[in-house]
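Here is what TrEMBL records for this protein:
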COMPBIAS  270-289  compositional bias 'Basic and acidic residues'
COMPBIAS  305-315  compositional bias 'Basic and acidic residues'
COMPBIAS  583-605  compositional bias 'Basic and acidic residues'
COMPBIAS  606-616  compositional bias 'Basic residues'
DISULFID  Cys156-Cys190  disulfide bond
REGION    260-339  region 'Disordered'
REGION    525-616  region 'Disordered'
Amino acid sequence: MHFQWDWLCLGVLIMSSVTAGMENEENLDADVEVENFDKQSQEADADRDKSSIEVVYETPKPTGEVYFTETFDEGLSRWVLSVTLKEDTDDNVAKYDGRWEVEELKENAVPGDKGLVLKSVAKYHAISAMLTKAFVFDDKPLIVQYEVNFQKGIDCGGAYIKLLSSSNGLNLEYFFDKTPYTIMFGPDKCGEDYKLHFIFRHKNPKTGEYDEKHAERPDVDLKKFYLDKKTHLYTLVLKPDNTFEILIDQTVVSKGSLLENMIPPVNPPKEIEDPTDKKPDDWDERPKIPDPNAVKPDDWDEDEPAKIEDLDAVKPEGWLDDEPQYVPDPNAKKPKDWDEEMDGEWEAPQIPNAKCETAPGCGEWVRPMKNNPKYKGKWRAPMIDNPNFQGIWSPRKIPNPDYFEDLHPFKMTTVSAVGLELWSMTSDIYFDNFIVCSEKEVADRWAADSWGLKKLVASANEPGMFSQLVTAAEEHPWLWVLYILTLALPVGLTVLFCWPGKKSDECIDFKKPDVSKQIIKGELKEEAEEFEDDELEEEKENEDPDEDEGEGEGDEDIYDDEEENEVPDEEENEVPDASQGDRSNKSDSEDEKKEADEGMGDRPLKSVRKRRVRKD
């Protein structure tokens, strides 16, 4: 019975697991049916999400010297929209008429926290603001930091900022792509090319012209930062020792030197190739040449073809010589609009001949071709080392007339404004919490009071492990089978090894005395009274001193046991009642007494009873 119950329970557990999987699938179907309802209740869900964690937002304030800060909580009062046109572009799209709005995040919003949002698609956007005070590249680091959230992902577009160079003619209303800037920094993406720009315009000390210097690409996967729809913090740290660091979410993703890790390099090479130098006509660059002393063998036949007919081939049996491989489609009909004068005579399209499908082949049989064993091809002399080889020619080096050495590229053009000049094929790009300062601690504190709250809310609203597993299974339904097997395996092993098995005979035999002890407990007092009378008779009848001595010792034990095992009247009344449900055990005890009386006589019987009382 225990074996059957074990397998029954195991079967119930497996069926429960399968049923749970089916219920999950039904729930998925139900989710599809109520999709419209979910869309209608998004606002209510958002309110519940907001209430899942209590965040008190206050507009962050800088804790040290800063050159520019912007939270957009007060709107766009200090920002200027561009009214100019983009050069070298069709007039229909050249205008910077892309729309900007100040609003909260669509997901994981911190109540009261607002940001600048790019709203238009396939339009040019340009907006800028003056710094509180200009930043001069002298002996203090430059730190630029701001937040970006691609709320709808990003197909093609940028989210970088420009630090505009100071000039007397700087007019923010005419800010466009050719407006001089000192630094461009931030994310950019088009197609599958994910970029994180750091570009600075370097002034040539000899010519006075500016060249763009691009930092080497970060050696990290940037894709997740562009597609996860989370707010990310972008930070550029530029130091007076010409080193830089680029951070995302306060983690360094790229670092280097302005002198070593920019493309093209800041300083040109000292020597260049002479543009007037030309390779001599007799310069031999051939490392190998044909052996001039080699002679073609007399038996070399260049006229032998590479392939010849296989004369040993035999036409397969059943080859249909008179059947073409393709025949006109009998079911084809001439189109009603077919004009034979214009289109020519109509012919049904060709289809494979059905008779050829069961035959080895159709049409005229032709012997197959095989490689010609006599073929050697055109004879060529073997190659040998060129005794006149002079190496690969290259022009001679001359001093670079444009050479200069700028050991302090950090000292760039002074910055007086910050601007966003962007094109995007995706809307709702969110910007927030700009800061330009010189102390990393100030930027970190600013981030903690702003981006830190967004990160906290987003973490609190992230789905749990179970929800993530369900979401994964919605995309890949085969995962349900894996989930069920993963759940059923440990349950089955637990049942197999931990389920109580059938009791062994040894355990049952070992516990039998305990059962009989409980059953005969009600007779102990009656037997004890009989023992008192038996002891008096034994003392009179005992003549063997050894036996008297042994029995005397036993009597003392008996009297001690009797005193210890006196059963109260209440217990005597309770034990028989409890033993009424198992009369078979009681009858077994009475049978044992009778067998003991018949087999051993009066005296041994008393000994058995003595031992029984002593044991109990």
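Even glycines carry a Cβ here, placed using N, Cα and C.
TrEMBL does not curate its annotations; it predicts them automatically.
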Long-range neighbours of the compositional bias 'Basic and acidic residues' (305-315), counting only residues six or more past its ends (CB under 8 A): 365, 367-372, 375, 377
All-chain count of other Cβ atoms within 10 Å of Cys156 (disulfide bond): 14
Nonlocal residues around Cys190 (disulfide bond), in sequence order (Cβ under 8 Å, 6 or more apart): Asp155, Cys156, Gly157
